[in-house]
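Annotation comment: Swiss-Prot describes Arg191, Ala192, Gly193, Arg194, Thr311, Asn335, Ser523, Arg584 as CoA binding site. The ATP binding site annotation in Swiss-Prot covers Gly387, Glu388, Pro389, Asp411, Thr412, Trp413, Trp414, Gln415, Thr416, Asp500, Arg515, Arg526. Under the heading Mg(2+) binding site, Swiss-Prot lists Val537, His539, Val542. Positions annotated as N6-acetyllysine by Swiss-Prot: Lys609.
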Amino acid sequence: MSTQSLYKVPSEIAANALVNDEQYKKMYQESIVNPEGFWREHGNRIDWIKPFTKVKKTSFDDHNLFIKWFYDGTLNASANCLDRHLENNADKLAIIWEGDDAKDQRTLTYGQLHAEVCKFANALRSQGVRRGDVVTVYMPMVPEAAVAMLACARIGAIHSVVFGGFSPDSIASRVIDGNSKVVITADEGVRAGRIIPLKANIDEALSHPDVNCVEKVIVMKRTGGDINWVEGRDIWWGSLMETASEHCIPEEMGAEDPLFLLYTSGSTGNPKGVLHTTGGYMVYAAMTHEYVFDYKENEVYWCTADVGWITGHSYMVYGPLANGATVLIHEGVPNYPTPARLGEMVDRHKVNILYTAPTLIRALMAEGKEQFEGFDGSSLRIMGSVGEPINPEAWRWYNDVIGHEKCPIVDTWWQTETGGILISPLPGATDTKPGSATRPFFGVQPALVDNIGNIVEGANEGNLVILDSWPGQMRTVFGDHDRFVLTYFKTFRGMYFTGDGARRDEDGYYWITGRVDDVINVSGHRLGTAEVESALVAHELVAEAAVVGYPHDIKGQGIYAYVTLTKGSVETEELRQELRQWVRKEIGALATPDLIQWAGGLPKTRSGKIMRRFLRKIAANEVTNLGDSSTLADPAVIDTLIETRLNRSE
């Protein structure tokens, strides 16, 4: 298949890379054979207040599960992102901020960011926040979001960042679960030209009858818009900062003390609070950031993720700042007001490393490469992809149009639960294949198992599990350790179950086939939906595709494809048949879609993830009880898909 084409490491990257292929293999082998020794060495890449002597104490036994790393050491995450850089790099840019409107620009040096964080840490203390308290952060993409997180870490409070697109009900459930004492927000946010009513959403969330834990709401003035004000509860960020001291000694935290909570989106039932602790997480975030992106001193690094997602935590705040990087933060979306915005920002800020999501790449691809005719891109050296498997066609477009065929692409696979990247190419070490996450990071032992838990060897496919712990791993589900054990360690005993399916090819490269519940069983054959989607998107008239299974009288499950065409393409029955033949040719007769529904848009969360549970229900003609759609960017998309569905009962 065309997906097997190999892209060699560019010679100019190989010449200066942190590790080459031989070094990767040697380091990886050491990390698996001698994890104690390996992580003892690399655990010292960050600053410890009391150095650790104990490295690893972990068990994946579901009757006696525990995960501890560097567990007798003490440190502070904020000090590792700020104080350690002050002696030599106080004047170096830590943050470059560009607003939704490109005319809004701000910068903060490491010295300035340190001062802001210390002041806000003292402000939090003045409002009664103490070590171990949970603070909810519901902010736009402004530097103050990072300041709030680092200030919490400085005083030992646990931050719980909620994505600024979430509904009041979603906020309320997270505030209740975390028992938050203080909420930090802004009057309004600005995103793609639209005003986001952040404070109004908080007011509504806190009016929920079960929310009785919040004592204070700190409000940053972003737009100056009119907002409701609750005397005695609400307080302006600015007025707190006016009187706060710039001196704040970082709290000495145990390596296993909590750093943050982050609730996984899209899960059914109660929100699942993923708990990450301080020591192992900081080591892993910093190390993966440096090695996966081959980070060099003085480079400008842009991760387009929102701070409300794990990618924003690990690869916009903690990892890059621990490494002393200059981080670009963008308030808006990289294809507003025009698709050219991404390229304009890369050129304007001389971005060296770009980390973005397949959903954005596909959106830009649908607009056409002529949008990038004025794009120079000469500053770019490394490009990354995150969030979901990237279609080979989108990978190639990213490589050709954005990377000008000179930038290695690191297609990273990981999860909220893993804290950092688990499987990814390393720019100077790994020849890449479009659509493959390739090889495991140091210390990570992936395996494939069949449905009863037997490990399958060689070129094969199955359920993706991890056989041993790594420092960035989540420690528990907040307040519900039994749920942690049940979700991740009961399905396959003694292994961490990722919930993803994967294929390993003859070179040992891993291909993520999607969530296991995104596997279709057609006439007894397992088929990853990502594979069918990739084939559809490879057609020149297809901008995006989502594939699900639906009940089929003969096959058990049939293949139902939702297809969005490129601009200007016409939806015809001839094209529908052409696409069916196209997939048949690309993958085989088994993968031919039974039904292809034209879709002007797909139901996505505001982070761009397709909400497949809605698509599965519509395909199954179960349209009366679709469940909560509050996390969707555009709920109206659902109504249109229901109206135009193909699998109606007669």
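Glycine is no exception: its Cβ is also placed from the backbone N, Cα and C atoms.
Because the structure is a prediction, the values reported are computed rather than measured.
Locations of recorded Swiss-Prot features on the structure.
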| residue | record | Cβ contacts under 8 Å, 6 or more apart |
| --- | --- | --- |
| Arg191 | CoA binding site | Asp100, Pro140, Met141, Gly164, Glu331, Gly332, Val333 |
| Arg194 | CoA binding site | none |
| Thr311 | CoA binding site | Cys303, Ala305, Tyr355, Val386, Gly387 |
| Asn335 | CoA binding site | Arg341, Leu342, Leu360, Ala363, Leu364, Glu367 |
| Thr412 | ATP binding site | Val292, Gly384, Ser385, Val386, Ile421, Ile423, Ser424, Ala437 |
| Trp414 | ATP binding site | Val386, Gly420, Ile421, Leu422, Ile423, Ser424 |
| Arg515 | ATP binding site | Gly499, Asp500, Gly501, Arg612 |
| His539 | Mg(2+) binding site | Glu578, Leu579, Trp582 |
| Val542 | Mg(2+) binding site | Leu536, Val563, Thr564, Leu565, Thr566, Leu579 |
Closest of Gly193, Arg584, Lys609 to Pro389 (ATP binding site), Cα positions, recorded positions only: Lys609
Gly193 (CoA binding site) CB neighbourhood, other CB atoms within 10 A: 11
Minimum Cα separation from Gly193 (CoA binding site), reported as the residue among recorded positions Thr416, Val537, Lys609 that achieves it: Lys609
Cα-nearest neighbour of the residue listed as 'N6-acetyllysine' within the listed binding-site residues, Ala192, Thr416, Arg584: Thr416
Local Cβ density at Lys609 (N6-acetyllysine) - other Cβ atoms counted within 10 Å: 18
Cβ neighbour count within 10 Å of Arg584 (CoA binding site): 15
Thr416 (ATP binding site) versus Ala192 (CoA binding site) - Cα distance in angstrom: 26
Neighbours of Val537, His539, Val542 excl. site residues, C-beta within 8 Å of centre, Mg(2+): Glu393, Ala535, Leu536, Ala538, Glu540, Leu541, Ala543, Glu544, Ala545, Val563, Leu579, Trp582
Largest tally of Cβ atoms lying within 10 Å of a Cβ, found at which of the binding-site residues Gly387, Pro389: Pro389
Neighbourhood of Val537 (Mg(2+) binding site) by C-beta distance under 8 A, where only residues 6 or more apart in the same chain count: Arg362, Asn391, Glu393, Ala394, Ala543, Glu544, Ala545
In three-state DSSP terms, the structure that Thr412 (ATP binding site) belongs to: coil
For Gly387 (ATP binding site): DSSP state (helix, strand, coil): coil
